[in-house]
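Taken straight from TrEMBL:
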{"type": "DOMAIN", "residues": "11-454", "note": "domain 'Major facilitator superfamily (MFS) profile'"}
{"type": "TRANSMEM", "residues": "7-24", "note": "transmembrane segment"}
{"type": "TRANSMEM", "residues": "58-80", "note": "transmembrane segment"}
{"type": "TRANSMEM", "residues": "92-112", "note": "transmembrane segment"}
{"type": "TRANSMEM", "residues": "118-139", "note": "transmembrane segment"}
{"type": "TRANSMEM", "residues": "151-170", "note": "transmembrane segment"}
{"type": "TRANSMEM", "residues": "182-203", "note": "transmembrane segment"}
{"type": "TRANSMEM", "residues": "333-353", "note": "transmembrane segment"}
{"type": "TRANSMEM", "residues": "365-388", "note": "transmembrane segment"}
{"type": "TRANSMEM", "residues": "400-424", "note": "transmembrane segment"}
{"type": "TRANSMEM", "residues": "430-450", "note": "transmembrane segment"}
């Protein structure tokens, strides 16, 4: 079973410096918040002789936090051209440069007495996460055999959750969460980058990219042999050659070309709805509420960080579970179930929050809701959303589709991060109403409009969407595809 070992090691090498960094860098910034704010104040005092007002510190801090999604947006935009010009694997390797720059900036920020370096470092960290969130699922889904495609691409979500948990653990006071060690905590993201730089070069490039984009059949066969071992490759190669014939003479598309193309209408609509819903469903805001709810439930302040690790572990457990069942259960049931459950828990959570002070056991119910909400998110939306662009777009549209997906993801992360405090202020206990609406609408969309992609080849999936996009046209049109394809059989 050497070939399955190679596939597993490829997944790990891509994941550790890929989406792992996204989760890790989101959570390591939480522990040193107050220390970095103090550092900003002291630095300003040293420079000007005047301390900062508290609202100015808050403003500088929100700049520091929002530099991350801003970098992510930049990364998502450059990821498409990188994936086309450099290839999937090379892009992931080159992407580590951004993290190394970020680690140097944050590691030396205290020595240089510059909080601007922290902001810049968060921006570069964001660029790294933006690139890997787009390219890693693409690289893995293109390298995986058809029957394992969902599970392999979904490991991106498992690595994000693993990064989240490890970031929370490393941020504990016993490790790097003390005041004197925050520069090391922020610079610790260089370790996964170095691991990837040593490991990933040993593994093959995406076979699909080599054949369809580069037209290099020899390299494609050698990459396939590395990944599949001695198993019969003829069927898989035939399918790739059919896909190559279907996109012959085309070049990689730009994002705006996807909007103009009527043949991609439903695919585009599906990824726009699902990518937006992933951030607008309120899962990240649950983490914002976690500390407050745990405090209300009577957990001592110094023990809260340990309980918060439980919330991250929830996401990790469910994304690993989802990994195991996605190729049996299918994509639609997981998405549908996830959003329906989240809508239900959002209602219970708002009721629990509004009764928090009246009924003694309500804080425990809110606590249960936080865990249940994160579990529901992890079982479907967290992972399946990242798999879909690979499955519903062909080789030439895929990088552009990921650019659109990634840009929406980061823009909405920024939007929710900025707007959520104001939503809480104006709606108080009913702050989850906007998220509830998003969950219900997304569940309806998935239920009525999203076809199942489990176990189908990329060509079969695009045929299915073709029927939806051109419903009005005559039945005869559809059978052009397979006729052309038959003629390319060797």
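Note: Cβ is positioned from N, Cα and C throughout, glycine not excepted.
The stretches the transmembrane segment (365-388) and the transmembrane segment (333-353) are in mutual contact, each linked to the other by at least three Cβ pairs under 8 Å (pairs 6 or more apart in sequence). Beyond the transmembrane segment (400-424), the same-chain residues lying 6 or more positions past its ends with a Cβ under 8 Å from any Cβ of the stretch are 62, 65-66, 69-70, 72-73, 75-77, 79-80, 83, 126, 130, 133-135, 137-138, 252-255, 257-258, 267-268, 271-272, 275-276, 278-280, 282, 284-285, 288, 389, 392-393, 431, 434. Residues 7, 11, 15-16, 18-28, 30-31, 133, 136-137, 140-141, 143-144, 176-177, 185, 188, 192, 305, 308-309, 312-313, 315-316, 318-320, 322-324, 326-327, 378, 382-384, 386-387, 390 of the same chain, all 6+ positions outside the transmembrane segment (151-170), place their C-beta atoms under 8 angstroms from a C-beta of that stretch.
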